[in-house]
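Per TrEMBL, the features are:
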type: ACT_SITE; residues: SER48; note: active site, nucleophile
type: ACT_SITE; residues: ASP175; note: active site, proton acceptor
type: DOMAIN; residues: 13-188; note: domain 'PNPLA'
type: MOTIF; residues: 46-50; note: motif 'GXSXG'
Amino acid sequence: MKLPIAKGAKRALLVEGGGMKGAFAGGVLHGMNGLLNATNFDLVVGVSSGACSAAYYVTMPKPEPVKSEKALSVWYSELSGRQLISVFHPFQGKTFLDQEYLIDYIFRNKVRLESENLEKDGLPEFRIAVSNLHSHTVDYVRATATNVFDLLKAATSLPIATRGKHKLDGTTYSDAAILNPLPLQDLIEAGYKSITVVMNSPIARISEPLGFIIGLLAFPRNWKLSKMMREWHHHHFNDARRIALEPPKGVQIHTIAPDDSLPVGLVTTVRKRLRETVELGVKKGEEASQFLLNLFSLNKKKSKGTVKPVKILTSQKSLTLKKVIKKKTKPKKSAPSTRK
């Protein structure tokens, strides 16, 4: 399933995953909710754990600080300790990462995702990125009130940590990040000219190729997919960061990312570190929302010819980061498209 083609000046929001590093994205979206809620975007795309944070954000048609705070607290209150991730889970008939606890208990019940709002007028279309295990491509499935919980299970079906797959409407899916953790290029190809990206690691971060053993453990019965994961995961991760620093002509990319490495990793469950990560995200989200609100308003006036174009200067820090990305990232000549 392709992304919807943008007609006119459409805005998109892309939320990266990264396991428990998604706590940063959760904080960012909470920080944005007060000034820049989901109605300011035409399309929201979530990848992996980023889809979980985006799901709460995109189902709030207006700023709702109490609900947003409750959703945010999930990261450090409900997912810390051994509740979500535990080496003891397999002895209890569960996977290391307990998706039933995350989706069926938290999202469906305890901190209920108001899925009925997904089809309300005024809210952006919400697409969840998943890896299609039949076609070996990334699909962008539209989230609805009837499929969103299964979609979130598919999006968080991280190999090794879970069963690595989830079936929806006859198709078997897995975490989109195994093939493309940050599908920025796909949004550009779909015609979006204003893209806000929430990253869960510094923009200068360079991802190394996944090892052979990781690929083997992830897909022991699917050597082709194992090889693709080792070839394309790091390539798309690095290429998206290069694009974010050097957008194509006519495309605005607004990146919200931590300045330094987060205090959490993929599977960190220490409550104190998760809360610290959330707070870092909230601060970034609040700063970004004011900037973006002013920018969106300015662009709207520019489109009506009421203000003069503004020259945007590139900071020395950004120039340095561009050199880092250029030096370390060597895009392959022909990457397979992640859009069907």
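Just so you know, glycine gets a Cβ as well, placed from its N, Cα and C.
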Item checked: Composition by DSSP (helix, strand, coil) of residues within the motif 'GXSXG' (46-50) -> 2 helix, 2 strand, 1 coil
Item checked: Within the predicted model, mean pLDDT of the domain 'PNPLA' (13-188) -> 95
